[in-house]
Amino acid sequence: MNDETLCCCEYYDSLNERNHILACCCNCVDLDEAVDSLIRGKSVSEKNKTGFLNTMQERLRIPWIGGARQIAFDTILPVFILPIMLFLASISLWWTVFSFTTVAIFLLLIFNFFIRAIPNTKFFLTWTVTSILLLYFIFEFVVIPFLEILVEENIALSALIFFFIICFYTTKIKANELAQLGIEATESLVGKSINGFYSCQICNAKIPDKDHHCVWFDCCISKYNQFYFISALFFAVVALLYSSNLTLTSVCHPFRFYKAILLPDDCSDVYYQFELSLSFVSAIYSLILAAILLMLLLQQLMLISVGFSLKEWNKLTFLSKLCLGLNKKRPHNRGFIKNWSRILCLNKPQYHPLDREV
Amino acid sequence: MITKCVQCICALVIFIAVYFPSRHARHYDYIHLKDVISELVFNINNKFSQEKNCEYGALILNNTEIIIADVTQTKYFIPPLIGGEFIPQTFTVEQNNTLPFNRAEMMNYGAKIAIESNIYGCSHRPRHMSSSLDTFRYNLPYLTLFGGAISILTSHFKKVNGMSNLFFGWGGEDDNFYNRLESHQILPYRFDPELSRYTMLIHKKQLKNDKRFQILNKPLNIENDGLNRLNRRYLVIPENLFTRIVVN
């Protein structure tokens, strides 16, 4: 191994040899042997099959500063699923219905599988990031060139997306800090039970005052980053609704609602042109996302008001959910105002490892 | 340091490229509502001249909008000017009180309402009328757009030798016409967006003309292409309310 720094497309493979990602299709011994035996009419040996899969996994890399990084197959999956879904959906109305329902069913099926089989999968995070990038690029490079959206409308939307990204990033940073704190706490209090810390199997950390683990953000949400989480949800909902409104009024026939707001009323001929249908389909996807996120946002607001964590809420029976859980014991409830002030004002957990004796 | 500078410059370039004004719909200068009257061309001569498109009766705003002031006892009625190409838009103003009939005030009311709706008349400069089209989200796609509904004085139309005959299929002819007007320093303008609202009827779209940019990029050939280069293979059929022209 030499000590030269790698360029962004290079990496050291399993034999510690320097390799380039552009050579990913060259020099695979197992593939050569497999093809060789196929041509000779022999069956492919098991060793060659696993060797080939390992080589493929090994060479599946993305360029990165300081050498190409290896990526897991499940991480890269949404990068293919989402564009294919939108592309197929733009063919016709029936394709839209078909591809959206297929993806929804696929997600429902794979959700529990991933949580159980690969708990720390980055699949959902990649899904979120790919959705944001895809929707933004479709808006900037397909919808804007229709020349129907004003500069200030574009800037307003970008500002909303910017605020969302800031909140999203802060949520993750804070979650990392909390996990770090959890490690410190366990180290300083070996063998003792720690009050207020909840272990998370997915991120393999102890989080103070944990609310739930959000797979789409790939981090834990606790009382200390819940404000940023809720802000992120809020900006995401507003940005998605605004962008879908701008897109739909551009590609469909709009009408004036109360003289000020433009709303779409006739989208019957969007499927005649690919750009129109792609924009339309991305707007529909945004609307679906906005509806789901809005429900999550309202649930979060309600749970904070009544003083439940999402984990406790999910354990409730249907009947007590109907009563908003008011008939059950709420160990973390401090009253409406205190619940909210805790969310809004708390930045760092009030925890000093040395002071506490349990 | 250098990498930081390069990153900053890249970010700036992307920012400008993304928010470049010409990638968006445009705000535009327009004649405000109160100045619209002074921009209209009133042709008081009521003779059936060749410039029929801008004739006005003494009390008629223009030949498509006719104001009728009317009161239950004293009816004031201006006979509609039939013979124009359009079905006239008629406004009746009723004085609904016990005071004596005030013809001038009723006229003013009628004129106010008639002006606030779209004006199908001529103005001193060519006018782009459909600058607030519903399918464009009531925005203007680009500043030199001169398509859709336009109005122009006959003298101006003759001066630029009409429009080009070379554009087959959708697109290009309006931009060419704008270039013609621009080359003669007759720059079009627009009225207040409130006077320029249009609804696009659902229609089957024409095939786009792929050669339109090719023709547009050629130097203008005003003398040999336009009004003076029409052949005689056309028929004029008078109908009840309009004139049909069939071109072979």
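Counting starts with 1 at the first residue shown.
Each residue, glycine too, has its Cβ placed from N, Cα and C.
Per TrEMBL, the features are:
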type     : residues  : note
DOMAIN   : A:200-313 : domain 'Palmitoyltransferase DHHC'
TRANSMEM : A:71-91   : transmembrane segment
TRANSMEM : A:97-115  : transmembrane segment
TRANSMEM : A:127-149 : transmembrane segment
TRANSMEM : A:155-171 : transmembrane segment
TRANSMEM : A:227-248 : transmembrane segment
TRANSMEM : A:278-298 : transmembrane segment
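Contact between the transmembrane segment (A:278-298) and the transmembrane segment (A:127-149) holds: at least three of their C-beta pairs are under 8 Å, each pair 6 or more apart in sequence. Taking Cβ pairs closer than 8 Å, the transmembrane segment (A:227-248) reaches residues 135, 139, 143, 149, 153, 156-157, 160-161, 163-164, 167-168, 170-171, 174, 214, 217, 221, 262-264, 267, 279-280, 282-284, 286-287, 289-290, 293-294, 296-297, 300-301, 304, 343-344 in its own chain, all 6 or more past its ends. Taken residue by residue, the domain 'Palmitoyltransferase DHHC' (A:200-313) breaks down under DSSP into 66 helix, 25 strand, 23 coil. Beyond its flanks by at least six residues, the transmembrane segment (A:97-115) meets 74, 81, 85, 88-89, 121, 123-124, 202, 215, 284-285, 288 of its own chain at Cβ-Cβ distances under 8 Å.
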